[in-house]
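**Q** I have a structure I would like to understand better, so I am pasting it below and will then ask my questions one at a time.
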Amino acid sequence: MNPFRLCSGLKVLGYFMIVIVFAIVALSYYAVVLLTLAPHLLHARSFTSFLSFLTFHILLVLLMWSYIKVVIQDPGSVPENWKLVSEQNIEEGNSVALTDYASIENPTPTVSTDQIERRQSQFRGYCSQCQNGQRCVLKMDHHCIWVVNCVGSRNYKFFLLFVMYTFLTTTLDTLVLLPSFIKFFRQAKNHSFSPDNIAVVFLAFVLNLAFSLSLLCFVIMHASLLSSNTTSVEVYEKKKTVHWKYDLGWKRNFEQVFGANKALWFLPLFSKKDLENIPALYGVEFPTRSDTEE
């Protein structure tokens, strides 16, 4: 059984998860902005409330922008008719290139089996069982039911930004709602909030705290993977090597995902120049360390 077929089976659950995401955002917005911050802003009682109000909306826009991008962006599929180029046609620079079967009527017979196998092992995600690259996506990291999509080379940046902005937003929500949560029973006795509003604030605080804590672990994990230019699928393979061949140093590793244009690092966008100069963003060529050449 091909496990990647499970990706399509998870879509039904994924669409439901999208509804949950928007529901949590709506609940948090009502609790944080309308119930907690708005009363302070109407009476101009707190500069902190205004700053929290502004920060919340900026993070929310970035969060939703990143979320929509990772949902709709194709993570990148391996072309149906392709093969690794022969040993003598591979450009210098420790990269692995792809070419189409249709463009090669008579494959070069001079390449040995050992050479082909070595080059296949250098193609990131090459599957020796199906004699192809990853069937699901290029540079696959995982299938995320929260975004109804696989996370791969072409949407990994958007996914990381979504996770980061969700963590920052839920942390801010937790801090804003914390005083109301502490005074939960007191407010109930004084009737400063209606019972329904108290329930909303309580639920929003608990959900945001839970997401904030869980996402903290996720952020740390992916920061570690990003720093070594590794996907979650490749973690086990990396443990078997002394020097991970795709680890180019933290700066170049970061650029392999976020691009070199600093102005766009924290926006779910890529510059045209980055797309032209960083092949890894397309998921078909990946530079490797010179000290791991075979």
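A Cβ is built for glycine as well, from the same backbone N, Cα and C atoms used for every other residue.
Pasting the relevant annotations from TrEMBL:
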DOMAIN    127-238  domain 'Palmitoyltransferase DHHC'
TRANSMEM  12-38  transmembrane segment
TRANSMEM  50-68  transmembrane segment
TRANSMEM  158-178  transmembrane segment
TRANSMEM  198-221  transmembrane segment
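Describe the structural context of these features.
**A** Averaged across the domain 'Palmitoyltransferase DHHC' (127-238), pLDDT for the predicted model comes to 83.
Residues of the same chain lying 6 or more positions beyond the ends of the transmembrane segment (158-178) and with a Cβ under 8 Å from any Cβ of it are 28, 31-32, 36-37, 52, 55-56, 59-60, 62-63, 66-67, 69-70, 73, 141, 144, 147, 151, 201, 204-205, 208-209, 211-212, 215-216, 218-219, 222, 226, 257-258, 266-268.
Only residues 6 or more beyond the boundaries of the transmembrane segment (198-221), in the same chain, are considered here, and those with a CB under 8 A from a CB of the stretch are 24, 27-28, 30-32, 35-36, 163-164, 166-167, 170-171, 173-174, 177-178, 180-181, 184, 187-188, 232.
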**Q** Counting only residues 6 or more past its boundaries, what in the same chain has a CB within less than 8 Å of a CB in the transmembrane segment (12-38)?
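**A** For the transmembrane segment (12-38), the list is 49, 52-53, 56, 60, 63-64, 67, 71, 145-149, 169-170, 173, 176-177, 180, 193, 197, 200-201, 203-205, 207-208, 211.
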